[in-house]
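S.K.: Pasting a structure below so you can have a look.
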Amino acid sequence: MYIKAIMLANYRNYNNLELNLSEGVNVFIGDNAQGKTNVLESIYYCAFAKSHRTSRDKDLINWKENEAYISLLVGKKRLDKRIDIKILRDGKKAIKVNSIKINKIGELFGTFNVVMFSPEDLKIIKESPGIRRKFLDMELCQISKKYYFNLVQYNKILNERNVILRSRDFNKDILEVYDLQLVECADYIVKERLEYIDKINYYGKFIHNEITSGKEDIVFKYDSGIKFKDNFKYAFLEKLRNNLLRDREQGITSVGPHRDDFNVLINNIDVKKFGSQGQQRTAVLTMKFSSLKIIKEITKEYPILLLDDVLSELDINRKRYVLSTLSDIQTIITCTGINDLEDYLDDKSKVFNVCNGEIVN
């Protein structure tokens with residue numbers, strides 16, 4: 001799959017933008033704060049109906065206007081798809097795929113797939129478990145609508161369970177009904193996460209080996225608060241029952257997929273605690289490029305690769321690995337200079353110069 005064309009209107013610092021993209025490498029060059037990342041952000045938004053930079057949609061609208069528009073034409077093996085999104089300042093949005101209105105965000109997932117790599121992705125390794133869970137959830141949602149459905153249901157039931165825990169009229173029988181529903185969704189979520197981690201380990205072994213010239217081994221380990229061998233549902237239900245007194249005191253559910261994490265080990269060393277910044281960056285790179293392989297395995301097409309100002313952050317080995325993968329994947333790169341890229345561009349590649357919301361091919 002690849003993006004054939006993009007149109008933006010009143011989106012951040014773009015009043016009107018229309019671009020035809022190459023199905024190969026597309027490079028957006030310019031100084032900082034000129035609008036390069038805004039292009040990548042708009043593509044990401046069309047995949048997930050959310051920005052990777054802000055939780056407030058109104059930030060995406062040009063400050064002089066009340067609404068912004070994004071339109072993408074995506075070429076796929078079987079059928080081209082057009083995605084149109086209108087973003088309103090009151091927080092509402094209207095999404096259409098091939099002129100058909102999308103009523104639920106989950107219906108948008110999988111229309112096309114993206115993998116983004118940016119300097120902020122170091123947070124996946126360095127910061128809280130919630131960021132690592134978000135990484136897993138976002139990757140799984142775009143390849144599995146069933147995962148998205150179970151995740152939404154789980155969070156809904158979890159919130160309702162927490163209300164019951166805090167209620168003065170606490171009813172244990174009602175709580176048990178919610179627990180059984182929670183366990184069903186959790187079972188699917190954890191199994192899918194474990195399978196995804198297994199796939200990252202499979203592909204990541206080869207990717208990390210190539211980046212480090214065989215000097216390091218990397219392992220990803222899912223860390224669940226529920227210890228189980230075969231029957232996750234039984235183990236989770238028992239944990240909920242055993243933790244009931246504490247959960248009542250705190251007014252929250254203290255265990256479940258919403259509290260899980262995963263650890264990254266390089267040569268058996270916890271990268272978050274003891275890894276160098278270079279090792280942490282390599283771990284993120286391994287995760288992202290493993291995701292490329294996983295999406296290709298499941299959908300039979302490579303996703304679009306978005307590289308947001310990351311080349312300047314990479315040493316020569318990491319940079320060489322990234323650039324060597326671009327031949328089969330539509331890649332959209334932002335950078336301040338083209339020197340590192342010249343050997344990897346061909347006749348299909350396009351270079352765009354960006355200056356204050358204006359783009360010249």
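Glycine residues also receive a Cβ, built from the backbone N, Cα and C atoms like all the rest.
Annotated ATP binding site per Swiss-Prot: Gly30, Asp31, Asn32, Ala33, Gln34, Gly35, Lys36, Thr37, in sequence order.
Can you tell me where each of these features sits in this structure?
M.R.: In this structure, Ala33 (ATP binding site) belongs to neither helix nor strand by DSSP; it is coil. A C-beta separation below 8 Å, combined with a sequence spacing of at least six in one chain, links Ala33 (ATP binding site) to none of the other residues.
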S.K.: When you average the Cβ positions of Gly30, Asp31, Asn32, Ala33, Gln34, Gly35, Lys36, Thr37 for the ATP site, which other residues in that chain have a Cβ within 8 Å of that mean position?
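M.R.: Residues close to the ATP site, other than Gly30, Asp31, Asn32, Ala33, Gln34, Gly35, Lys36, Thr37: Thr334, Val354.
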S.K.: Based on Cβ atoms within 10 Å, give me the single least packed residue among the binding-site residues Asn32, Gln34, Thr37.
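M.R.: Output over binding-site residues Asn32, Gln34, Thr37: least Cβ neighbours within 10 Å is Asn32.
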